[in-house]
Amino acid sequence: MLASTTARATLRRHRNFRGGALWCFHFRGGNVGCRRRESSRRCLKLGAAMAKSKFEYVRDFEADDTCLAHCWVVVRLDGRNFHRFAEKHNFTKPNDSRALHLMTKCAQTVMEELEDIVIAYGQSDEYSFVFKRKSNWFKRRARIFPTSIWLLLILITDLQTVVFATAECFDGRVVVYPSNQTLKDYLSWRQADCHINNLYNTVFWALVQQSGLTPIQAQERLQGTLTADKNEILFSEFNINYNNEPLMYRKGTVLIWQKVDEVTTKEVRLPAEMEGKKMVVTRTRTKAVPLHCDIIGDAFWKEHPEILDEDS
Ligand SMILES: [Mg+2]
């Protein structure tokens, strides 16, 4: 019976209301076909009734989480239980360059997948991604932003077969900034945080690793110290000039779009006399480039005015 019905069914192409293709099953003649057609009509009626059922009011409980239009949207992914993770993977203290480079590599790939990101900033176990003012990515739904970046990050790290991101490693938040100044202040805040934490960690681990203090003793030694005091401990006791520490550790990493010349070798087929020969081809591409520089002062923003361009 069913087989006979299926045999009578045909698949026809219609146009939906936007003019796109819409494929529907149609049943031809016979009692079975008629019954099926009536059954389809009943289903359609039931579907329409369910769409407007008395239960539909529950949709009113869904909060509107659309990010305010024309504002900068910042998504920050931040390490969660990262101490445990760092211990497990034997991270070098106070900074593990492998982990920092890997974070940046992942962030670069995220930017290249999501072109609406105009700038990203990373330090320690966090990365902030800034979306264009006019971005309409996922209709600017706040809860979708970190989730989708997070999923992308998992995909990237899985593809690179690096066991870096696990479901417990990061949490994400979205903050909307209404002006260029508030956005610059946000990024300055994260870079100042990088400096404060890195200076503390550099002295702390020098005291532990080189002076043999326990973590609690080192913590007590540093309690109440100012920036100048920490610099002095580093210089007088460990012969370390903090200003000579790598920029990546002191300033974090900024990712911005820049034109980069890529040089590749290509086999030439024509003309015949050059067949089989390889030649060097230079192609200019726009890529997410990592910089380790100051973003608190005006110099960076004057040098890269396109980042805060009103049309972005
Ligand atoms: Mg953190």
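Note that the numbers count up from 1, one per residue, in the order the chain is shown.
Cβ from N, Cα, C; glycine included.
For ASP78, GLY79, ARG80, ASN81, PHE82, HIS83, SER124, ASP125, the entry in TrEMBL reads GTP binding site. If you take the C-beta of ASP78 (GTP binding site) and look for same-chain residues 6 or more apart in sequence within under 8 angstroms, you find ASP125, GLU126, PHE170, ASP171, GLY172, ARG173. When secondary structure is read from DSSP and collapsed to three states, ASP78 (GTP binding site) falls in the strand class.
Annotation source TrEMBL lists Mg(2+) 1 binding site at ASP78, GLY79, ASP125.
Taken from TrEMBL, the feature Mg(2+) 2 binding site applies to ASP78, ASP125. Mapped onto three states, the DSSP output places ASP125 (GTP binding site) in coil.
According to TrEMBL, the feature domain 'tRNAHis guanylyltransferase catalytic' maps to 55-178. Mean pLDDT of the predicted structure over the domain 'tRNAHis guanylyltransferase catalytic' (55-178): 82.
What TrEMBL lists as domain 'Thg1 C-terminal' is 181-297.
The transmembrane segment annotation in TrEMBL covers 142-165.
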Among ARG80, ASN81, HIS83, ASP125, the binding-site residues whose C-beta sits under 6 Å from ligand 1: ASP125
Packing count at GLY79 (GTP binding site) (other Cβ atoms within 10 Å of its Cβ): 17
